[in-house]
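**Student:** Here it is: the structure, laid out below.
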Amino acid sequence: GCNTESTSSSEEELSSSNSSETKTEETALEPITINANIDADAIIQSEGPYGESAVSATTLELTVEDIEKIKEGNYTAALVMHYAGNDWSNAQINGLETTFEKMGIEVIAVTDAQFSAEKQVSDLETVMARNPDIIVSIPTDPVSTASAFKRAAEQGTKLVFMDNVPSNLTHDEHYVSVVSADNYGNGIAAAEVLAEELGGEGKIGVVYHDADFFVTKQRTEAFEATIQEKYPNIEIVARGGISGPDDGLQVASAMLTTNPDLDGIFGVWDVPTEGIVAAARAAGRDDLVITTIDLGANVALNIARGGSIKGLGAQLPYDQGVAEAILAGYALLDKETPSYVAVPALTVTQDNILDAWEMVYSTSAPKEVQDAIQNN
Amino acid sequence: MTKIALRMSEISKSFNGINVLDHVNFELEKGEVHALMGGNGAGKSTLMKILTGVYQKDSGKIVINDKEIDIEKPQDAQENGVAMIFQEFSVIPSLTVKQNIFLNRELKKSNGFLDEKAMYVQTEDLLKQLNVNISPDMLIENLSVGFWQMTEIAKALAQKASILIMDEPTATLSKNETETLFKLIETLKSEGMSIIYISHRMDEIFQVSDRITVLRDGKFVITSPTAHLTMEELVQHIVGKSMESSFGWKPRSYSKEEVMLETKDLHSGSKVNGVDLHVYKGEILGIAGLMGSGRTELAQAIFGIDPITSGEVFVDCQAVRIKQPQDAIRAGIALVPEDRRVQGLVLTHEVKENIIYPILNKVSKSGFINKKKVDQLSEQFVEKLNIKTDSIYKSTNLLSGGNQQKIVLAKWLANEPNILILDEPTNGVDIGSKSEIIEIIRELADQGKAVIVISSELAELLAVSDRIITLKNGKVTSELSREEIKSEEDLEHAIQNH
Amino acid sequence: MQSKIINTTTATKRPAFDWRNYIVYIAFIGVFITFSITLYDYGFLSTNNLLNIVRQTAMISIMAVAVTFVISTAEIDLSVGSIAALSSLTAALAIQSFGTVGGILAGLGTGAIIGLINGLLVTKVLIPSFLVTLGMMIIVKGIAMWITGTAPVPILNDAFIFLFGSGSLGPIPMLFVWTILIAVIGHIVLRKTTFGRQTLATGGNESAARFSGINTARVKLIALVSSGMMAGFAGMLYAGRLEAGRFTFGEGAELSVIAAVILGGTSLFGGVGTVVGTIFGSILIGTINNGLIIMGLDVSQQMMVSGLIIILAVAFGRKAKKR
Amino acid sequence: MQSKIINTTTATKRPAFDWRNYIVYIAFIGVFITFSITLYDYGFLSTNNLLNIVRQTAMISIMAVAVTFVISTAEIDLSVGSIAALSSLTAALAIQSFGTVGGILAGLGTGAIIGLINGLLVTKVLIPSFLVTLGMMIIVKGIAMWITGTAPVPILNDAFIFLFGSGSLGPIPMLFVWTILIAVIGHIVLRKTTFGRQTLATGGNESAARFSGINTARVKLIALVSSGMMAGFAGMLYAGRLEAGRFTFGEGAELSVIAAVILGGTSLFGGVGTVVGTIFGSILIGTINNGLIIMGLDVSQQMMVSGLIIILAVAFGRKAKKR
Ligand SMILES: Nc1ncnc2c1ncn2[C@@H]1O[C@H](COP(=O)(O)OP(=O)(O)OP(=O)(O)O)[C@@H](O)[C@H]1O
Ligand SMILES: Nc1ncnc2c1ncn2[C@@H]1O[C@H](COP(=O)(O)OP(=O)(O)OP(=O)(O)O)[C@@H](O)[C@H]1O
Ligand SMILES: O[C@@H]1[C@@H](O)[C@H](O)OC[C@H]1O
Ligand SMILES: [Mg+2]
Ligand SMILES: [Mg+2]
């Protein structure tokens, strides 16, 4: 990375407040990129929806001229989410809204389909009543939302996707780009941390997402493949499926009942993993090693306090949001866009949790997390 | 201390702009039994509901024990020593007899918890006084209506009120229970309780009451000592003009050749244990029996409500299989059931809707209802049976008890059955209408229908029947042609003996 | 006889008009006008948006029409959402092998069969419908997840998609055509036919209905079968609209359906039912959701406001009535 | 008249024992024995697993005890799940500023206040409880999402976590202690106190109850407030167990709660209620879920089997009763 300008958020605030003294409205424009601290050379393991290899999000940039040009358009955007009730979504929305604001684009609606494909289609249609120029969305289900997204594309709205693309939609013709975390890479990260904690041997369980859902499948696959290929002495002895975030506790409890000698459990994302932690606690298994994906506030705290969760692979949802906004800008400027953009995986353990938090959310870690690290 | 327990003066009440009580005066002395009389819909129940806080008066004054009081809710009435046996039951079907009797006045132990034992014992005592032998732990919903009524009575008695209102307490009771109740009333009276007694059974009124007040169309007509009135005078006050009673029996002629309905060794549940009966075309057969003798169950078995466990039913000498009411209806049978509120009416529905339920097929063409026909028919029956209602669109739960009963009758008359079974058909019906109904029953028989009348009111049974059978423990115990019965006592003995 | 003695007022007077019985319509008009004014600039009144509302509520409306009958008999059906999900899948699978007609038969048939099982369990085995249909909701959802291992099944049949999804008859979307058709049939059956009266009588007082010779078990059975079949139909509409079958379709729809029915004025205790009210209940809920999204509220705000509107709508109306 | 002809009027002396009223216990024993045999090797009978079942059902059980009262009065409460979610958050937030006691007050208070609003809307504004609590379920969920912007709130207070989460009294988990405590209180109140009687009377026949001088509005109000408060309590248990408040806790719990209540033998139409039955209903559902997961069934199979068991359990029992 050679981007030297944008560093910490406090500096940004400083410069903007300085300039606001001279110019009233127009704050001093800076080019927009994702967080410069992200390793631009990291290898991205995941492949795009059409098997294409990823372009790193670190390469994206909107120049000052670009931004000025976009501002003139008075564009509008809508965020059509599959679910807006977790840290991942919030951070992503936050990244999008912040960046769009810098680009002078008004976010006219943020919808939450609560994992329902039909609600997402309705949301999309409703939002289209206001003719947004840009829609950033994550399809709840690639198959059943496809025709609705296609209609939106045909109306001339620029579509930028997160994680996943509706089936039969093609790059350039229908959508601008898809931005994803390196889910495969994160699965590997979770496996590596777990294996290391176990010293390369033991019996483990996997709590997977029992649904046809692209990213969660990808992670589980990566986790299991890594364990099987790299760690022959670690045996996956139990698999339990969850259908939603609240099932983690029950499934993990049952797993510990049938396999009292379990050494570790992988949880497919942070919220159900909180249930795994509670199950371990109830079973009196403080020694159980748990890893997961996504740096939620509660799992971060658990890691910081030296709890059962030893580490995780984090997505960088805030910067994914920034990348999506930049790509939308590209489209408005008729610039060429890569079809698949990914943000590298990030391995988080107790050692780097404070930095990792800033990287993931572009804010400093919550006080409890900081306190916990200090008390160690 | 005056001897006046209660004075209600100039009480008025209207519902939706329709005047139901119009400056009514009523006075009750201590230790008297005061009968409140009037035709169906005259306003008796409404007046009493005002006294017990179920309804609020529009104007007027209520004085109890020389103190003017405001009664806004049932608690207020209770606190002033007023208890009521409601015409439409106030028992809770899902609770036991004991729980109902002590509802909201539960006995408690010193630790504040319910004293089930004490309540059980007291309930047993009460029931014994009433000569009712049921377990205090029986669920009401598993008992027949007669027992509901007894529970309702026991519940009111247990309140040890100073003013007790009885709104048609004997409507579902047979002679036996009625006598017990009257003895009890004597005792209560002697203990200084004042009782307001509402009934359409004239003989009861003369037997039990000290004074009588008559209402007509919501207006006060007269208050008089019972001894000063003759039956004819009383009827005249009630109906507003002199009227000959149809309670005298007139021999009717019909051919005893064509048997229209016959049962052979009919069994159903534990209550019908081998009933053989037959009814001729054009005949009116009366069925008498004590409460619990199985009359209702017999009727329900024939009509397909209760499953027939063995035996046969013949209609026009053809064996018919009756598994549900539709089968019975197809065979030309109709049943006017005993309990109008539970079995007879969809109370939240309108008058005209209720009237057409059994005849939906007759007022419709290929499934579509002919609205005009429905309106015509219901208007016609409202008129024919003198049903007092603002319109055929009135919800039946807003009608007076007697008028509700008439609608149940109308339902089945409208169906023009060949065989009509009437279980306590005049339950709650006023004296004027009662004779009309008896007249209608006779007309139907004259037209060649077979009619079965079940009634606990022996005078009525004697007035209408051509032949009477008595039932006991689900078996026919005697059969008497009307000519053989010289008096009510004869019939009474037939019922009791055997 | 002496009709003058006991005064019979047999006037053909209609019961007094009580606006409280029409609260769902009033609420709808109120909400609609409010949005029309405040959201005019956001395109709330655009034809397309109005058609959106209709399209988005079609499935709920259609299921709610049938559930109006079920609730009118004092029973309930919680399985409609799951049935819609399963039917979307069976229809999608059948289309692959047997084409449009096969798809339709599979979709409706799935619903009808499950409805029949519900009905038999309620009327013959005498299990409370709440439990039967709750159990069935879980079972059917399980089956829907199981038959394709939670994978969606795409639909590529244009005729099917036209008929049950994106097609329109002139300017009128097929989804609207279906809604109107089902609503009109439902209304006529409930108001004008003997079956409708039998339905209300059964719910109003089952034992009195039985004593009137109404086969109450049959009435309930038919209501539950229809409700299953209409849920199957809704499943086809989900499938047509989203061009796929999927196990999550209709998730939670049972609550929206029941809410629409009750909001419309049908009594949860049976005996009182209105199909027109139901349709307006459904459209009211849909309009509120639509308007709040256009307004740009986030989900939490949407929820707070829409819940409040529902309660307020009824609060204004209910002063007089107990249930 | 001659007193000798007055006979006593007799009905069946004693209410007959009917095993069908005990179906939930029979079903529980059946399911438990089946799992004990088939899943013995998988540790179904291990102390820890049995405690797991108890822990996992604690929240549903506790909410269900209060909802038993609500349903016994012929009303319903659909808002319990949302209340639990919001209370978990208010408790977690209050703990940060005011410690354990503050957390408890906030959790219970949140529930009680929402319950009170429900109760007033039902008894004073006379809106059907189905609509009130449905609307409230949505509103409260919205508030829960809104107050922290859907972010979870961690709980670091050990006393709170001990009391309402992972603590145990000797070998007995606190969650079990709470369940038993609430169940015993609920049982005594329903069976041994005037209020219990009034509750059943109100549900059995509201107007008759009023004629008997029972303040039925007050009874319903108290039932709904308790149900709100117990939902708040359940929210604290979710929070204590998962050491955080979160807006998704208790999602869909209302259906499990109602299912437990009805399965236990309480009538959805009011007038009949049993707290012990409710607890067994809740534990039955929990045991089924636990056993099926241990068996290694996947989610779809779990759903099919557990739905089937619920229906079968009741099917065996209900032959006689209509409702
Ligand atoms: N809540 C109500 N709304 C409207 N009308 C009512 C209501 N209650 C009673 N009425 C009407 O008031 C009149 C008097 O009814 P009430 O029940 O007092 O008569 P009643 O004298 O007790 O008659 P019965 O002998 O038949 O029991 C009837 O016409 C009835 O329809
Ligand atoms: N021998 C008996 N043993 C037990 N219960 C009896 C007996 N006789 C009567 N009963 C009770 O009485 C009820 C039967 O009343 P039924 O309806 O059969 O008689 P009925 O002649 O129609 O009397 P009514 O209608 O006046 O109550 C039953 O429900 C039952 O509770
Ligand atoms: O990646 C996301 C996952 O972490 C979240 O929890 O659920 C939605 C997914 O898209
Ligand atoms: Mg009366
Ligand atoms: Mg009888």
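Using the three backbone atoms N, Cα and C, a Cβ is placed for every residue, glycine included.
Remember, TrEMBL labels are computer predictions, not curated facts.
So TrEMBL has the following annotated:
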TRANSMEM  C:21-40  transmembrane segment
TRANSMEM  C:52-71  transmembrane segment
TRANSMEM  C:78-98  transmembrane segment
TRANSMEM  C:104-123  transmembrane segment
TRANSMEM  C:130-148  transmembrane segment
TRANSMEM  C:160-190  transmembrane segment
TRANSMEM  C:221-240  transmembrane segment
TRANSMEM  C:252-272  transmembrane segment
TRANSMEM  C:279-297  transmembrane segment
TRANSMEM  C:303-320  transmembrane segment
**Student:** How about the transmembrane segment (C:279-297) and the transmembrane segment (C:21-40): at least 3 CB pairs under 8 Å, pairs 6 or more apart in sequence, or not?
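**Tutor:** Contact between the transmembrane segment (C:279-297) and the transmembrane segment (C:21-40): present.
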**Student:** Please work out which recorded stretch in C:78-98, C:104-123, C:130-148, C:221-240, C:252-272 has the most C-beta pairs separated by under 8 angstroms from the transmembrane segment (C:160-190)?
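**Tutor:** The stretch I would name here is C:221-240.
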**Student:** Can you say which of C:78-98, C:104-123, C:252-272 has the most Cβ pairs under 8 Å with the transmembrane segment (C:130-148)?
**Tutor:** C:78-98
**Student:** Need a quick answer: max count of Cβ pairs under 8 Å to the transmembrane segment (C:221-240), which of C:78-98, C:104-123, C:252-272 is it?
**Tutor:** C:104-123
**Student:** Taking the transmembrane segment (C:52-71) as the reference, which of C:21-40, C:78-98, C:104-123, C:252-272 gives the largest number of Cβ pairs under 8 angstroms?
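**Tutor:** Checked against C:21-40, C:78-98, C:104-123, C:252-272; highest Cβ contact count belongs to C:252-272.
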**Student:** Residues of the same chain, at least six outside the transmembrane segment (C:78-98), with any C-beta under 8 angstroms of its C-beta?
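**Tutor:** Distant Cβ neighbours of the transmembrane segment (C:78-98) are 59, 63, 66-67, 104-111, 114-115, 118, 130, 133-134, 136-141, 143-144, 147-148, 153-155, 157, 160, 227-228, 230-236, 238-239, 244-254, 257.
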**Student:** Within the same chain, where does the transmembrane segment (C:21-40) have neighbours whose Cβ lies under 8 angstroms from its own Cβ atoms, ignoring anything closer than 6 residues to its ends? I mean 6 or more beyond.
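**Tutor:** Result: 263-265, 277, 280-281, 283-284, 287-288, 291, 294-295, 309, 313-314, 316-318, 321.
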